[in-house]
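The following features are taken from Swiss-Prot:
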- 63-88: coiled coil (COILED)
- 9-41: domain 'LisH' (DOMAIN)
- 112-151: repeat 'WD 1' (REPEAT)
- 154-195: repeat 'WD 2' (REPEAT)
- 199-238: repeat 'WD 3' (REPEAT)
- 241-280: repeat 'WD 4' (REPEAT)
- 285-343: repeat 'WD 5' (REPEAT)
- 344-383: repeat 'WD 6' (REPEAT)
- 388-424: repeat 'WD 7' (REPEAT)
- 426-464: repeat 'WD 8' (REPEAT)
């Protein structure tokens, strides 16, 4: 067996052994060891060995003490980890049935804006939320302790939308405005405005980072959807098929598809991974302008399996949803067929979001309510939170999930992303967020200039 010691280290070890054997009168063993290790009496005599007499014992005692300290430290570390798990925020409670959790009442109210809040976005790693307002500013909040971290100024008209994205340059915040521009803010450099993207000819109503890449999509009243490279700021692709204001866009979690919708009352699904965007379907059915859209996570597929065509594989944008001024929400399959219509709101549907567990769809409206629709019960409204705001509710977002690092047991925040466009039916339940823990936190913004934060609390007995 080859030694891991250098020749010098091996010689020093042999000298220590000789000194130990000599000091303890083990003459026969000493003679045998000298012969085996090639250390004759004239090379390392008793006088020289005296200098090494206690070296072996000291090293052994030192290593033993170090090992005891290491074991004690590991035990203390385990105790601290158990204490941390017992005191972690309720919204990270592993014992809670997070797939069935629904909001009950706001635990935080963030107030500082001087005009309507038009948009919100959660930071993918930290307990931060960005909000954009008609007061021309973007504000960054710590939603856990309700503190205003900073205010970003730069837009000259109302801020219409914000979104965080994890890019090769780090985490960026994108904002768009009625001033026709898009701004990129570097979150790692005090939110410095690093780029301003110009190319739209009218109000830019929505921005969304495309997962698994350095792309940003934007939608505008100029009837265009533009894809941008956020590293160099160049326009990559332009979609010009809409015949009215494009109000909202939503990418699939694998970055292969983009959903767009707006005032022309159409829903369009684009394959944006192609060299030129390919329209997979154009659907109609709403009776008024469409204000919002969302792509369902793969975790929703099993709850809507009876509505989907049976085939060997599916795409990441198998199910999509839209909300309209006609007060309804519609769900669509990947062919543009309406598979479900949800009615119950008394006014415009402003924003929608799928529960990460896939079972529910949440919506907010100008009727000041948040509604929760159970997709496993034909879209029945199972919960309605009245007067969630003191005015129209304009936006709704669910916090990104937490990816567990199984190598060391630590938790890190992760976007929902997947590399393949074609997904085997047997893998659908795994694809939504593989290895990702759902966080029971969501937020809404309204014309009352407030952000409401909803989260699972320790005393929540009922999830619905």
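Using N, Cα and C of the backbone, Cβ positions are placed for all residues, glycine too.
Taking Cβ pairs closer than 8 Å, the repeat 'WD 2' (154-195) reaches residues 115, 118-125, 130-138, 140, 201-209, 214, 216, 218, 220, 228, 230-231, 233, 415 in its own chain, all 6 or more past its ends.
Packing against the repeat 'WD 1' (112-151) from elsewhere in the chain are residues 89, 157-164, 166, 171, 173, 175, 177, 185, 187, 190-191, 391, 394-395, 397-400, 412-415, 441, 443-447, 449-451, 453: each is 6 or more residues past its ends and has a CB under 8 Å from a CB in it. Outside the repeat 'WD 3' (199-238) by six or more residues, the chain places 160-169, 172, 174-178, 180-182, 184, 244-255, 258, 260, 262, 270, 272, 276-277, 415-419 with a CB less than 8 A from a CB of the stretch. Per-residue pLDDT, averaged over the domain 'LisH' (9-41), rounds to 78.
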